[in-house]
Amino acid sequence: MELIVALGVIVFKVALVIAILLLLPLPLTWLERKIAGHMQQRMGPMRVGWHGLLQPVADGIKLLTKEDHIPAEADRFLFKLAPILALAPPFVVFAAIPFGESVSVLGNEITLYISNLNVALLFVFAVIGLEVYGVIFGGWAANSKYAVLGSLRTCAQMISYEIPMGFAVIGVVMLAQSMSLLDIVRAQTDVWNVVYQPIGFFVFFVAGLAEAQRIPFDLAEAEGDLGAGFHTEYSGIRFALFMVSEYVVMVLVSVLTVILFFGGWNGVLIPLPPLLWFLLKVAFFVYLFMWFRFTFPRYRYDQLMAIGWKVLLPLSLANIIISGVVFS
């Protein structure tokens with residue numbers, strides 16, 4: 001009986017996380033448009049619903065009812081598979097993400113995570129790296145020069161940024177002496193890691209912008225020179241899946257930043273519930289992603305490569321050496 005209850009709890013957690021992640025782009029697209037309107041001294045969406053709150057629903061209905069166009073020369077199987085490959089990895093990663101310790105429900109302790117892996121950090125980097133295959137297959141299968149160029153840029157961008165991103169968290173692992181995300185958060189009960197690892201945080205967050213393919217590092221879908229990059233030929237529900245994937249990765253990078261460098265659900269000064277602290281921190285970094293989009297220009301391709309190899313990689317290596325000397 002206990003086994004059945006435990007399995008039921010796990011299934012409920014998985015279903016809840018999937019439902020939240022699928023619905024999350026709706027409020028985020030509305031928020032991003034409102035932020036854009038505020039920064040450009042206009043009102044943003046106002047027509048559909050009160051202050052445009054139903055605009056994302058209208059956009060979703062529009063995408064679901066549009067023609068699912070497949071180019072005549074495309075590889076149909078890979079073209080259909082690519083959006084799923086882009087969407088699945090960030091969803092799987094959330095299975096190892098803790099949102100808190102536990103809560104009491106009807107006298108039972110319910111943990112706020114699906115799985116507590118001892119090597120959760122390694123699992124996160126291994127799985128999130130698979131997302132790039134969806135982008136590569138989507139661009140190549142479309143048989144379009146703009147889409148292929150977008151895919152090639154994604155390959156180069158991933159190599160340039162995932163290496164320093166991985167190196168940036170080694171200092172955090174040294175401090176916590178564990179690769180478990182729960183242990184990393186518990187190690188920040190008194191002092192957040194960003195105090196000891198400012199260089200690691202800088203490298204991780206900048207590389208995270210590239211990982212999420214957000215401005216100023218959205219070279220794979222640069223509208224000015226590639227139309228829409230790897231998803232130029234996509235429409236309807238398949239295009240929507242790529243958009244959901246982009247927003248989920250943005251939230252994932254924000255969550256990882258909070259867990260690794262900003263104490264997770266550990267608060268300061270103000271006595272708020274741990275889960276609320278966690279959500280407020282994540283919301284701040286999500287807002288920062290959106291603020292960057294309407295503040296910074298897009299880097300050129302050669303500039304993006306130079307930042308990855310000549311700036312972030314040396315900084316991440318220097319951070320490892322400094323951390324090893326200071327915390328050994």
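Placed from the backbone N, Cα and C atoms, the Cβ positions cover glycine too.
Taken from Swiss-Prot as is:
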type	residues	note
TRANSMEM	3-23	transmembrane segment
TRANSMEM	77-97	transmembrane segment
TRANSMEM	119-139	transmembrane segment
TRANSMEM	165-185	transmembrane segment
TRANSMEM	191-211	transmembrane segment
TRANSMEM	250-270	transmembrane segment
TRANSMEM	272-292	transmembrane segment
TRANSMEM	307-327	transmembrane segment
Candidates 119-139, 165-185, 191-211, 250-270; stretch with most C-beta pairs under 8 Å toward the transmembrane segment (77-97): 119-139
Among 165-185, 272-292, 307-327, stretch most in contact with the transmembrane segment (191-211) (C-beta, under 8 angstroms): 165-185
